[in-house]
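Here's the structure, in structure tokens; my notes come after.
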Amino acid sequence: MISELQRQHSRGEYNYVAGDGYPGDHHSLRLRRLSSQMSIHDFPHYNPSLSDAGDSEAGDHGQPRDLRSLPLPMAIKKAKLKSRGIQVPVLSKVELWKQEKLKKLRKFQTKAREFLYFLVLWGKTIQKIGGNFGGGVKSYFLFLRFLVVLNFVSFLLIAGFVIIPSLVFRQVGTSFMNSTGNERCTIYEPNPPGLVVFYNFFLDLLSGTGFMEYSFMFYGYYKNTMVENNSFSYKIPLAYLFTAVFYFAFCLICIIARMGTAARVAVATGGSTVVNYSMTVFNGWNFGCLGETATKLKQKNLLYRLQVDLEEESLKKRAASLTLLKKFGLHSLRLLMALLVLGLNIAAFYGISYATTYSQEQQNKRVNKESDRIQDLFFEYLPSIVISVANFLVPLLCDQIAKVEHYSPSITVIVALLRAVVLRFVGLGVLLFTLWDQITCTGNMDDAKCKECSYNYASYACWETRVGQEMYKLTLFDLLINIAVLVLVEFPRRMVVDNWSSKVSQLVGRQEFVVSSNVLGLVYSQTVVWTGALFCPLLPLINTVKFVILFYCKKITLFSNCRPPQKTFRSTTSAFFFLVVLLLGWMLASVVMIYSIAVIHPSRGCGPFRFSDNMWLIIPTSFYNLSAATQEFLFFIGSQAFTIPLFSLSGLVMCYVIALFSIYGKSVGLLRLQLKRESRDKQFLVKQIEELSR
């Protein structure tokens with residue numbers, strides 16, 4: 001009788017009703033509260049047989065109810081689960097093995113994610129930098145990490161298709177010579193010496209000459225080797241050219257993909273301080289922060305972001321309050337400063353051009369191998385020295401000029417970056433133009449120097465290696481300058497400021513980490529690598545090592561010598577602009593590659609294209625050696641029957657995407673306007689409540 005009453009009591013309150021779930025959904029919350037307040041001892045004793053019978057009667061389809069949906073105490077749920085586990089039929093060995101393997105696989109995936117998190121390159125260091133110095137400085141180190149990975153993967157691509165096959169097939173392959181050209185033009189003797197003293201070895205290492213000139217470091221070492229048998233064919237010239245093209249395409253894809261990620265963040269904020277403030281307040285905190293250190297770093301990061309928003313909002317209000325006369329004076333001052341910056345850039349370009357011409361003349365006059373090597377090394381590095389001095393002095397003056405222009409912090413970074421970009425990119429272009437002007441005899445093939453070999457053979461027997469050496473020296477000299485500045489300038493400045501209490505030291509103070517100039521240094525280095533990769537295949541590897549060393553040098557100087565920036569800036573827009581500048585560098589290097597491949601005559605005595613009038617001719621020559629079916633397929637891809645439908649389909653897809661973008665943009669605009677109106681309504685209501693409460 002007691003058990004029957006217990007069963008009725010249990011069914012009366014907890015039985016399942018098909019379609020509604022519980023007897024009255026509005027009572028479910030009350031029942032859960034009552035059940036949580038009940039003591040386990042006051043609840044009727046659990047009888048497994050009765051409960052299972054009740055479950056079988058309650059379910060119309062004979063399926064037991066989910067215990068998580070029952071408003072029962074945890075002790076009874078555990079007992080119910082235990083009783084069900086006893087009645088579950090025993091699984092087969094195969095099913096048990098599958099379940100065990102599935103559990104182990106999930107556990108392995110979890111452990112792998114945790115392990116990969118710790119393997120992220122400089123992950124904790126970059127998080128610490130962002131917490132102590134803000135998102136702007138953090139964006140520089142993220143950009144540096146991206147370039148390290150990009151250069152290393154690019155080196156693997158070049159090594160896999162050019163360097164390793166050239167070393168393997170060098171002895172077993174067949175090399176072809178151009179029998180139609182002048183035999184004098186085919187002579188190239190870099191004269192690699194035998195045993196040399198360490199003094200000359202070190203100088204050759206710095207200049208890329210001597211034992212390094214005829215090594216797989218530079219273009220002149222590679223031959224027009226071809227390996228063919230019944231089932232395998234490999235042409236080094238074709239692989240060399242295709243690898244260079246794929247290398248540039250791969251870098252472009254990586255840049256665009258990263259730009260898309262940065263653009264989504266920039267569009268999400270919308271450039272609005274209010275929207276960014278809301279994202280920082282409501283979505284900025286990371287609940288996965290573990291430990292006191294990570295929590296403090298995240299707090300500091302949020303503080304810097306809020307500081308950026310408040311500072312930019314105050315500058316906007318100050319600019320809006322200017323009178324018409326003050327605005328005219330401000331814009332006139334900015335125009336005058338822009339003309340001054342233009343004059344500084346023109347002077348720097350002239351100095352780079354003159355230094356390059358003088359350096360090449362001195363190197364071409366050098367006939368005696370026993371000449372002063374230190375003087376020769378100075379002449380070889382003279383263009384690099386002038387470029388580095390210009391890149392240091394002109395941006396420094398531009399930073400002082402920017403202080404009187406009264407831009408916002410984010411705009412100041414972008415303007416400084418644009419000015420330095422023009423200086424560095426045009427300076428590199430002036431260097432290359434001066435070299436090509438001498439290689440091609442100013443484009444006059446009837447000149448006595450270029451008439452015999454179609455290029456200035458007397459001064460540049462292997463001009464590709466010469467260009468590669470210039471890019472190698474620029475890369476190496478930039479690294480040496482960064483290390484020298486760290487050791488000879490930044491550390492002594494910190495020591496003087498910390499240990500010498502005078503007005504001069506207090507006025508100078510600890511240095512700030514200038515993001516714009518440091519980012520531009522990375523972009524310039526990467527542009528030099530892209531420019532010289534065709535002539536120095538190992539340059540991506542050298543740049544990878546350089547950027548790794550640079551990361552630790554910048555990290556040391558940041559934590560030891562720098563103070564947190566007094567003026568912060570928004571990292572979302574700046575990160576996107578960094579990639580835009582990098583894309584401009586890629587475009588400059590692409591122009592150099594296209595001009596070298598399609599216009600200038602290759603050297604006749606060195607390199608894999610010594611038998612061709614230009615590098616591009618290897619493509620049609622190899623094309624006509626393909627099978628007839630392959631040629632027809634490639635002709636069809638290049639024909640109008642394929643390109644016109646493809647272009648039309650691409651146009652339709654672009655129109656559809658643009659229409660979606662326009663619709664979504666209008667929707668987002670309407671939602672933002674609605675949020676602003678609602679905020680105004682709430683402010684109005686709050687004021688009304690305050691007035692009524694008085």
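One-based numbering along the chain as shown.
From the backbone N, Cα and C atoms, a Cβ is placed for every residue, glycine too.
Keep in mind it's a predicted model, so treat the numbers as computed, not measured.
As annotated by TrEMBL, domain 'TMC' applies to 462-571.
Per TrEMBL, transmembrane segment is recorded for 142-169 (among others).
According to TrEMBL, the transmembrane segment annotation covers 197-217 (among others). Through the fold, the transmembrane segment (197-217) approaches residues 163, 166-167, 190, 373-374, 376-377, 380-381, 465, 468-469, 472-473, 476, 536-538 of its own chain, all at least 6 residues removed from its boundaries and within a Cβ separation under 8 Å.
The feature transmembrane segment is assigned by TrEMBL to 238-259 (among others). Same-chain residues lying 6 or more positions outside the transmembrane segment (238-259) and placing a CB less than 8 Å from one of its CB atoms are 146, 150, 153-154, 157-158, 161-162, 165, 222, 530, 533-534, 576, 579-580, 582-583, 586, 589-590, 593, 597, 608-609, 615-616, 618-619, 622.
Marked as transmembrane segment by TrEMBL: 335-356 (among others). Nonlocal intrachain contacts for the transmembrane segment (335-356), taken as residues 6+ away from its ends with a CB within less than 8 angstroms of a stretch CB, comprise 382-383, 385-387, 390, 394, 397-398, 401-402, 404-405, 419, 422-423, 426-427, 430-431, 433-435.
Feature annotation from TrEMBL assigns transmembrane segment to 377-397 (among others).
According to TrEMBL, the transmembrane segment annotation covers 409-436 (among others).
The transmembrane segment annotation in TrEMBL covers 474-491 (among others).
Within its own chain, the transmembrane segment (528-553) has Cβ neighbours under 8 Å at 122, 141, 144-145, 147-148, 151-152, 154-155, 158-159, 162-163, 216-219, 244, 247-248, 251, 428, 432, 464-465, 467-472, 474-476, 478-479, 482-483, 486, 522, 585-586, 588-590, 592-593, 596-597, counting only residues six or more beyond its boundaries. Annotation comment: TrEMBL describes 528-553 (among others) as transmembrane segment.
What TrEMBL records for 574-595 (among others) is transmembrane segment.
The annotation transmembrane segment is assigned in TrEMBL to 615-637 (among others). Nonlocal intrachain contacts for the transmembrane segment (615-637), taken as residues 6+ away from its ends with a CB within less than 8 angstroms of a stretch CB, comprise 235, 237-238, 241, 596-598, 602, 609.
If you look up TrEMBL, you'll see 644-664 (among others) marked as transmembrane segment.
Beyond its flanks by at least six residues, the transmembrane segment (142-169) meets 121-122, 126, 216, 221-223, 225, 227, 234, 236, 239-240, 242-243, 246-247, 250-251, 254, 258, 519, 522, 526, 529, 533, 537-538, 540-541, 543-544, 547-548, 550-551, 554, 575, 578 of its own chain at Cβ-Cβ distances under 8 Å. Over the domain 'TMC' (462-571) the predicted model carries a mean pLDDT of 85. The helix, strand and coil residue counts that DSSP assigns across the domain 'TMC' (462-571) are 85 helix, 4 strand, 21 coil. Sequence-distant contacts of the transmembrane segment (409-436) (same chain, at least 6 residues past either end, Cβ-Cβ under 8 Å): 136, 308, 311-312, 341, 345, 348-349, 352-353, 356-357, 360, 383, 387, 390-391, 394-395, 398-399, 402, 466-467, 470, 515-517, 519-520, 523-524, 527-528, 531, 567-570, 573-574, 577-578, 581, 584-585, 588, 592, 595, 600.
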